[in-house]
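A short write-up of the structure that comes next.
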């Protein structure tokens, strides 16, 4: 009986909803036109519906043109539109709102059938005449009220539910987020990242190695299974994301002239003032990520970059910036020294301007200490070596090591040279002695 009543109500609401949809479509199409305060219709071109997507649409229905062949082919292949690939970083207040929205939706879903039952019991109790029936209904009503109270007292952790639980994402999108994020975007973010059961800690080296091994067993497919076998409360999305970060085959290393030309062109066309949308540009640069684009542009391709000797005025600005920001935030420091990259600023300061930096000849004790540290840390770890060698930089240590290696090789060659000269001298001596012997023999022969 309750179900029949509710079905009738739903049918009525659906018919009303369809009528309202038709009215909205007509309004968006501008067929009726908005009314001014005096009751006169304003020109249809002033109506806001004309400025909303789709931009080309039927005047009556407001529906856009049908998909063309290219659009249908992309949809069949699962190729997403550019708008779907754009990702806006989630702010903390949005994350908090999403959590509250999920809790509210879950609570409403649990309460709704109980409240409907309670309402039905109250209505039925008002219509019965038998005292026995009234007592039964009162008992059922109290039981329903108790269940409602228990649901209201459920802790938040319980209401959050499981990661893949279904929620009214459309309502959350349109009501809670006021259309600021799509239902699909909200669902994916919750199920793949924000749910409290998901491990968001830094990946350990052992965990990454284990991920690579499990992924190889599954042919780098079936990431749901891979995440489950990993057993560290990671989502499939996290596993794929982490694997791709270590996938050397995914990222290119050497930049080609064609890539440089394309990057410069995209930045010219897409930048807004000083802002360069690297996250949008990266979609046109296959095999590159946004960090690679930033590094390539700011270190090499930016035409405003200066190269060569530093002017005294630049050194003064650099020293002031280091005093202001310290020796860590080189990206901020570069903004104080126009035309120089963060790497240039760091190299200039560390190699030339740093207080207490020693220049010139190395003392014998320094050379000995350098050799000890190379034995300790190995060749190539120059920053670590320099940290234990006062007043010397990593580049100085590298240069000194190269000089010492060349000297050692040169000594080895000098030791081998006398051996060759001895062999040459002995052979010369043999021939000369032979010649002398011949001459001597001749003399001897003469004398004899």
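Just so it is clear, glycine is given a Cβ too, placed from its N, Cα and C backbone atoms.
A TrEMBL annotation is a machine prediction, not a hand-curated record.
Because the structure is a prediction, the values reported are computed rather than measured.
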Candidate ranges 127-157, 158-188, 189-219, 220-250 [criterion: TrEMBL lists as coiled coil]: 127-157
Beyond the flanks of the coiled coil (127-157) by at least 6 residues, Cβ under 8 Å: 103, 107, 110-111, 114-115, 117-118, 121, 196
Three-state composition of the domain 'Myb-like' (250-301), taking helix and strand from DSSP: 33 helix, 2 strand, 17 coil
Chain residues in Cβ proximity to the domain 'SANT' (310-351) (below 8 Å; excluding those fewer than six residues from its ends, i.e. six or more beyond): 298-299, 302, 304, 357, 393, 395-396
